[in-house]
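*Asks:* Quick one: the structure is below, and I'll ask about it shortly.
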Amino acid sequence: MARTKQTARKSTGGKAPRKQLVTKAAKKCAPATGGVKKPHRYRPGTVALREIRRYQKSTELLIRKLPFQRLVREIAQDFKTDLRFQRSAVMALQEASEAYLVALFEDTNLCAIHAKRVTIMPKDIQLARRIRGERA
């Protein structure tokens with residue numbers, strides 16, 4: 001049923017004006033949705049919890065290998081040009097980096113929970129790093 005704009009009217013002391021009712025015939029003529037089914041949506045948080053369980057079970061690397069390798073080479077360019085890396089060296093750097101990030105996010109989550117929140121914020125990361133002694 002279409003909404004109509006309501007305007008203030010001066011009362012004449014009679015009955016209040018009623019909303020117009022749409023007849024059954026008018027409803028049938030109205031364009032239907034065509035029976036289009038809405039896509040299924042999980043409740044908020046369900047998919048997040050499923051992803052948490054999935055990634056806690058797994059041991060594979062979460063950062064793609066080639067973008068990480070490009071990042072390592074880009075950072076190394078600042079120190080010395082024409083550096084070459086063994087594949088195992090890049091893999092060791094990636095393992096260490098991901099282990100560090102996972103531990104940092106765990107501590108960050110604890111800081112957010114301590115503040116009675118479930119959403120992590122930059123200030124939680126800063127607090128976690130400060131408690132660890134990484135950043136004065």
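From the backbone N, Cα and C atoms, a Cβ is placed for every residue, glycine too.
For Arg3 (among others), the entry in Swiss-Prot reads asymmetric dimethylarginine. As annotated by Swiss-Prot, N6-methylated lysine applies to Lys10, Lys19, Lys80 (among others). Among the features that Swiss-Prot reports, N6-(2-hydroxyisobutyryl)lysine is placed at Lys19 (among others), with the record citing similarity to another entry. Swiss-Prot lists Lys24 (among others) with the feature N6-butyryllysine. Swiss-Prot lists Tyr42 with the feature phosphotyrosine, giving similarity to another entry as the kind of evidence. For Lys57, Lys123 (among others), the entry in Swiss-Prot reads N6-glutaryllysine, with the evidence type similarity to another entry. Marked as N6-lactoyllysine by Swiss-Prot on the basis of similarity to another entry: Lys80 (among others). Per Swiss-Prot, the feature phosphothreonine maps to Thr81 (among others). Sequence annotations record features per position, and here Swiss-Prot assigns N6-acetyllysine to Lys123 (among others) based on similarity to another entry. Under the heading region 'Disordered', Swiss-Prot lists 1-42.
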*Asks:* Taking just the CA atoms, what is the gap between Arg3 (asymmetric dimethylarginine) and Thr81 (phosphothreonine) in Å?
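*Replies:* Cα of Arg3 (asymmetric dimethylarginine) to Cα of Thr81 (phosphothreonine) measures 69 Å after rounding.
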*Asks:* Of the modified residues listed here (Tyr42, Lys57, Lys123), which is spatially closest to Lys80 (N6-methylated lysine) when Cα positions are compared?
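*Replies:* Nearest listed residue in space: Lys123.
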*Asks:* Take the Cβ of Lys123 (N6-glutaryllysine) and count every other Cβ within 10 Å, whichever protein chain it belongs to.
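*Replies:* Its Cβ has 12 other Cβ atoms within 10 Å.
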*Asks:* List the same-chain residues at least 6 positions away in sequence whose Cβ sits under 8 Å from the Cβ of Thr81 (phosphothreonine), in sequence order, or say none.
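*Replies:* Correct list: empty, so none.
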*Asks:* So for Arg3 (asymmetric dimethylarginine), how many other CB atoms are inside 10 Å of its CB?
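*Replies:* For Arg3 (asymmetric dimethylarginine), the 10 Å Cβ neighbour count is 5.
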*Asks:* Which whole-number value in Å describes the distance between the Cα atoms of Lys123 (N6-glutaryllysine) and Lys57 (N6-glutaryllysine)?
*Replies:* 29
